[in-house]
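Colleague: Here's the feature list from TrEMBL:
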BINDING   15, 51, 85  [4Fe-4S] cluster 1 binding site
BINDING   159, 163, 166  [4Fe-4S] cluster 2 binding site
DOMAIN    6-122  domain 'MTTase N-terminal'
DOMAIN    145-378  domain 'Radical SAM core'
DOMAIN    378-440  domain 'TRAM'
Ligand code: 5AD
Ligand code: SF4
């Protein structure tokens, strides 16, 4: 009698880097005979790939673990693992707080997951949150991805910037860039499997400095080398720090057609006083000049950003400066968050602004951002834009893809399929997606 394959359920929180890591962990476990399932009730193992960036995200992990308790009581051999940034930050503390957890694996140790699961099956409760000298990606199996037209590819991890609010330099460690040859080889394999768009990932991706032919490569050089891969049609990268947007990268936006005209460039605040307290090491003016230079290279580029409302010491005037900056830039999309003190970060000990003040500011930011986002969507109507189709839409004969500017676009037309890249005339706009028709020819 052959044993049926074991089932693994992964829940991913937080950023795209975690999405990528979850895929790689699924592949590592796949090599050990585990199949993925969407249903935690039928899983032999549940893995939470966690996020520590704000308190809400971290606390959600504990409430989700609590929700797994009945599953574990019903099936004591169910294994529960915690991975990602909460695992990295809290390590053995998770084991103490949550006896139902069987293993804790930090974000640099995923290549050890299969052996940790084997140890957990023997009754151990392994914890590994070391920063190893080896590169986890060298020890993970090759990616047997299902045919999908888009993929993430991690090129850089960690952050040396130490913004005063941010846990990333502590959870993901110092900046490390993967060698260019490995990234190019991984990209080629993805393209061979049908991928047409690659998003390069890094906590500080434009700080990429990897070993390459002839010495140290920056992100611009990497992008240009990737652009030479036949069949790869689109390149994106995220997330960037303004101080690492060098001339070569700005020039690439003007010269490399495969580099898509959408850039996530977080500024966090429009007040110089707050930017200084955040240790951002740039002013609002620096950022605005940078945006001008990027737009000079690529006039149609769409920008997005992150903003924090209610950073310690933020006055009404500081908040207005942020609204002014948003008005001056004109974003295609943006994300705003209420400041959340994170243990171990420099800002955590500073006196915060009153929660109701932070809430009101957050709402004001969001109202302005939503209005800009809507205007950007409406501004697309009548334009022609490239769309890479990904999957069928909800309506008969309809397909959904992403525009060059990363907007969801619904189209009805013959010959559409995942991976088809076509020119589309935008005919209608909604808050979250656009509608259009194929341009003949
Ligand atoms: N509180 C609120 N927002 C935060 N971010 C990072 N740390 C915090 C924090 N402590 C936001 C920043 C960052 C985004 C990913 O999350 O805006 O760019
Ligand atoms: Fe965090 Fe980004 Fe600042 Fe690095 S650059 S510390 S990841 S907010």
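Using the three backbone atoms N, Cα and C, a Cβ is placed for every residue, glycine included.
Curation does not apply to TrEMBL; its annotations are automatic.
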Colleague: Around the [4Fe-4S] cluster 1 site (15, 51, 85), what further same-chain residues have their C-beta within 8 angstroms of the site's C-beta centre?
Modeller: 13, 14, 17, 18, 50, 52, 53, 57, 84, 171
Colleague: Relative to ligand 2, which of the binding-site residues 15, 51, 159, 163, 166 have a Cβ found under 6 Å from one of its atoms?
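Modeller: Passing the 6 Å Cβ check against ligand 2: 159, 163, 166.
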Colleague: By DSSP, how many residues in the domain 'MTTase N-terminal' (6-122) are helix, how many strand, and how many coil?
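Modeller: Secondary-structure breakdown of the domain 'MTTase N-terminal' (6-122): 63 helix, 24 strand, 30 coil.
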Colleague: Any idea what the Cα distance is from residue 166 ([4Fe-4S] cluster 2 binding site) over to residue 15 ([4Fe-4S] cluster 1 binding site), rounded to a whole Å?
Modeller: 14
Colleague: Distance between residue 15 ([4Fe-4S] cluster 1 binding site) and residue 159 ([4Fe-4S] cluster 2 binding site) at the Cα atoms, whole Å?
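Modeller: Answer for this pair: 15 Å between alpha carbons.
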Colleague: Less than 6 Å between Cβ and the nearest atom of ligand 1 is the rule; apply it to the binding-site residues 51, 85, 166.
Modeller: 166
Colleague: Once the chains shown are all counted, how many other Cβ atoms turn up within 10 Å of the Cβ of residue 15 ([4Fe-4S] cluster 1 binding site)?
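Modeller: For residue 15 ([4Fe-4S] cluster 1 binding site), the 10 Å Cβ neighbour count is 19.
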Colleague: Can you name every residue in this chain, apart from 159, 163, 166, with its Cβ inside 8 Å of the center of the Cβ atoms of the recorded [4Fe-4S] cluster 2 site?
Modeller: 161, 162, 165, 167, 168, 169, 203
Colleague: Within 10 Å of its Cβ, which one of these binding-site residues (85, 163, 166) has the largest number of other Cβ atoms?
Modeller: 85
